[in-house]
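Participant: Before I ask anything, let me first share the structure, which is written out below as structure tokens.
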There are 2 protein chains.
Amino acid sequence: MSATQVNIAIIGAGGVGKSFLSQLQTLAARRPTPKLNLVYFSTSKKAVYKPDYSPIPFESAIQELGSATSAPLALPKVVEYLAAAPYKTVLVDNTSSQDVADTYPAFLSSGISIVTPNKKAFSGSYKLWQDIFTAASASGAKVYHESSVGAGLPVISTLKDLVDTGDEVTKIEGVFSGTMSFLFNSFAPLEGSGGNWSAEVKKAKELGYTEPDPRDDLNGLDVARKLTILARLAGLPVESPTSFPVQSLIPQALESVASGDEFLQRLPEFDSEMEGTKAAAEKQGKVVRFVGSIDVATKAVKVGLEMFDRSHPIAALKGSDNIISFYTKRYGSNPLIIQGAGAGGDVTAMGVTGDLLKVLSQI
Amino acid sequence: MSATQVNIAIIGAGGVGKSFLSQLQTLAARRPTPKLNLVYFSTSKKAVYKPDYSPIPFESAIQELGSATSAPLALPKVVEYLAAAPYKTVLVDNTSSQDVADTYPAFLSSGISIVTPNKKAFSGSYKLWQDIFTAASASGAKVYHESSVGAGLPVISTLKDLVDTGDEVTKIEGVFSGTMSFLFNSFAPLEGSGGNWSAEVKKAKELGYTEPDPRDDLNGLDVARKLTILARLAGLPVESPTSFPVQSLIPQALESVASGDEFLQRLPEFDSEMEGTKAAAEKQGKVVRFVGSIDVATKAVKVGLEMFDRSHPIAALKGSDNIISFYTKRYGSNPLIIQGAGAGGDVTAMGVTGDLLKVLSQI
């Protein structure tokens, strides 16, 4: 049976980190075993931890971190500190930091399990991917990252189950970005005509659906990272998120303007181009959407604009929802589809908490 | 870490049983640890097993069972035989037998884990449900039944994750029967006008989409069983699948006709009634579908015909697919949706194999 006490170390205290901590508190109250000891809690600026590993109470953790004065330990020191702790430890990486991701193999080699929404670890270099899973396999430590694609939607667990039970995944296709989903569901809706492209981008930013600089969504890299993760899980040794075609929606002339604000100000100059794309789709009775797809047989991974029949589930998506379709040998002509909110603190944290429960049942 | 050897006992060798055995063979070949020993394999008529627990080779199991002459052990004897085996044991119940289901508490109390698509165990009396989970909790044995709802679709694992991570499920709604899905997608399609009700039922039977007597699908009990399982997982102590309103599509006059054939022959007499239902929906710009729903707050569980807007995901379902929508506090106005084939030997077995992998990682 499982351990009686388990240490938890959390890096990151943004939106996801705060939601996770709140879920963890509920969890700890409802399930006394194993007892969860928060032994390390840090941001990139500061940290709370005790040399004797005495646990930080969940309910005051945010406050203690807020008033903390110690800088965080250097990452190799975090590995050392946690490896020397009594009981097994789970690291919860609620950052999107490449540095933390690069340290995963060291954590795992020291027997520290990891749960995380951090895409960087699994969509960086293929070598890092291999190092992570080799280290986990050698030490028996677990690593789960459900929320790295589609937030709390059961995307990664489903793909793993398909592969592990011997199904043959032939194609994966979907809308993987809440921002892109919102933009295209508003710009080219099934009912009505939608607004100008630049106006929709502006609105999305005002509603908080984009990164501070909307170009960080429009360049397609976030989707490319998610596709990289899924393609690798499906067995394709994708080298990096820049090793396959990714269509950027940033007009070339605006790639190097200084700020997101200037970008938004000049974007209307390029509305006619997107309007043309929308009209071309409409002419065929279709709608345009920003999707990612993986054709496993031909090893073709790509990200960009595609046209879909109005009756296609991708066309009918609403709000900022994600949709992911798995075409497999067993499922035949109709794919297995998963759909719903793919971004937001609470649902992202839910994927992390669910992963933590999986790890706790195994260590 | 996990066990080095685990015993597998399989009851049932129908479509799901054969698909499962084939998946198990692939699995065992790809993952040498833990070594899986098939120590018992039976139908309701015969069984293969050795007093010394020497394993039956996966590749010849079906053949050995076919030529076996021993009757199966009585169920309490199966418990005794497996409880005395070296290594831990997982029982794979690929039947739909109430007798086997009734024995789950005894298996679990003896430390034998269970994976199964058998709905009877989880949708029978509420007492059996409680006995099963009390026994599992006391002994530490595991029990998984993903394929009892929606076959291999990740329905039960998703609902459990939502509940376990502290989300508040407010409503569950969907099409839970492949047969009903096929019938209504053909009878009241989004495009075109569809056939007569009785003709669609006849066609579904010819295509193998119904039970030998179609009334076993049309009475709604299969859907009621699935709803019972989901409602209980969502926290409602539903007494049985007959303790809430279930609309039967069997005309009263045909409830007691002697055979499924006579039923099919007389069904056209009642076409006008279903035609009226379809027309009433069309008048409102909607389509009619056979759905189940659980309103958690009001504890209302029901199964029957409902009308849906043509743009609703339930209206757009294809073929014999299932669709399940989870409305929760975290997911807000747009539900988390899972969709795809919810019946068939391979996808049902996939749910069982996936469950087995979960158990193996924990014992």
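Including glycine, each Cβ sits where the backbone N, Cα and C put it.
On a predicted model such as this, the values are computed, not experimentally measured, just so you know.
Relevant sequence annotations retrieved from TrEMBL are reproduced here:
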type     : residues                                 : note
BINDING  : A:G12, A:A13, A:G14, A:G15, A:V16, A:G17 : NADP(+) binding site
DOMAIN   : A:12-146                                 : domain 'Aspartate/homoserine dehydrogenase NAD-binding'
BINDING  : A:T95, A:K119                            : NADPH binding site
DOMAIN   : A:154-357                                : domain 'Homoserine dehydrogenase catalytic'
BINDING  : A:E211                                   : L-homoserine binding site
ACT_SITE : A:K226                                   : active site, proton donor
Participant: Please compute the mean pLDDT of the model over the domain 'Homoserine dehydrogenase catalytic' (A:154-357).
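Facilitator: So the average pLDDT across the domain 'Homoserine dehydrogenase catalytic' (A:154-357) works out to 95.
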Participant: Which is it, of A:A13, A:V16: the one of these binding-site residues whose Cβ has the most other Cβ atoms within 10 Å?
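Facilitator: For the binding-site residues A:A13, A:V16, the Cβ with the most other Cβ atoms within 10 Å is A:V16.
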Participant: Inside 8 A of the center formed by the CB atoms of A:G12, A:A13, A:G14, A:G15, A:V16, A:G17, which other residues of the chain have their CB, for the recorded NADP(+) site?
Facilitator: A:K18, A:S19, A:F20, A:N94, A:T95, A:G345
Participant: Specify the nearest of the recorded positions A:A13, A:G14, A:G17, A:E211, A:K226 to A:K119 (NADPH binding site), where nearness means the distance between Cα atoms.
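Facilitator: Considering only the listed recorded positions, the nearest one is A:K226.
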Participant: Counting Cβ atoms within 10 Å across all protein chains shown, which of the binding-site residues A:G15, A:G17 comes out on top?
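Facilitator: Answer returned by the neighbour count: A:G17.
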Participant: Among the recorded positions A:T95, A:E211, A:K226, which ones place their C-alpha within 10 angstroms of the C-alpha of A:G17 (NADP(+) binding site)?
Facilitator: A:T95
Participant: If you count Cβ atoms within 10 Å of each one, which of the binding-site residues A:G12, A:G14 comes out on top?
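Facilitator: The residue with the densest Cβ neighbourhood is A:G12.
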Participant: Out of A:T95, A:E211, A:K226, give those recorded positions positioned within 10 angstroms of A:A13 (NADP(+) binding site), comparing C-alpha atoms, in sequence order.
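Facilitator: Close recorded positions: A:T95.
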Participant: Using a 10 Å radius around each Cβ and all protein chains in view, which of these recorded positions has the most neighbours: A:K119, A:K226?
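Facilitator: Neighbour-count leader: A:K226.
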Participant: A:G12 (NADP(+) binding site): which of the recorded positions A:T95, A:E211, A:K226 have a C-alpha within 10 angstroms of it?
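Facilitator: The recorded positions passing the 10 Å Cα test are A:T95.
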Participant: Please identify, among the recorded positions A:T95, A:E211, A:K226, the one with the smallest Cα-Cα distance to A:G15 (NADP(+) binding site).
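Facilitator: Checking each of A:T95, A:E211, A:K226 against A:G15 (NADP(+) binding site), the shortest Cα distance is to A:T95.
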Participant: What's the CA to CA span in angstrom from A:E211 (L-homoserine binding site) over to the residue listed as 'active site, proton donor'?
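Facilitator: Taking the Cα atoms only, A:E211 (L-homoserine binding site) lies 17 Å from the residue listed as 'active site, proton donor'.
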Participant: Measure from the Cβ of A:T95 (NADPH binding site) and count the other Cβ atoms within 10 Å, all protein chains considered.
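Facilitator: Counting Cβ neighbours of A:T95 (NADPH binding site) within 10 Å gives 23.
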Participant: Could you state the whole-number distance in Å separating the C-alpha atoms of the residue listed as 'active site, proton donor' and A:G14 (NADP(+) binding site)?
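Facilitator: Per the Cα atoms, the residue listed as 'active site, proton donor' and A:G14 (NADP(+) binding site) stand 21 Å apart.
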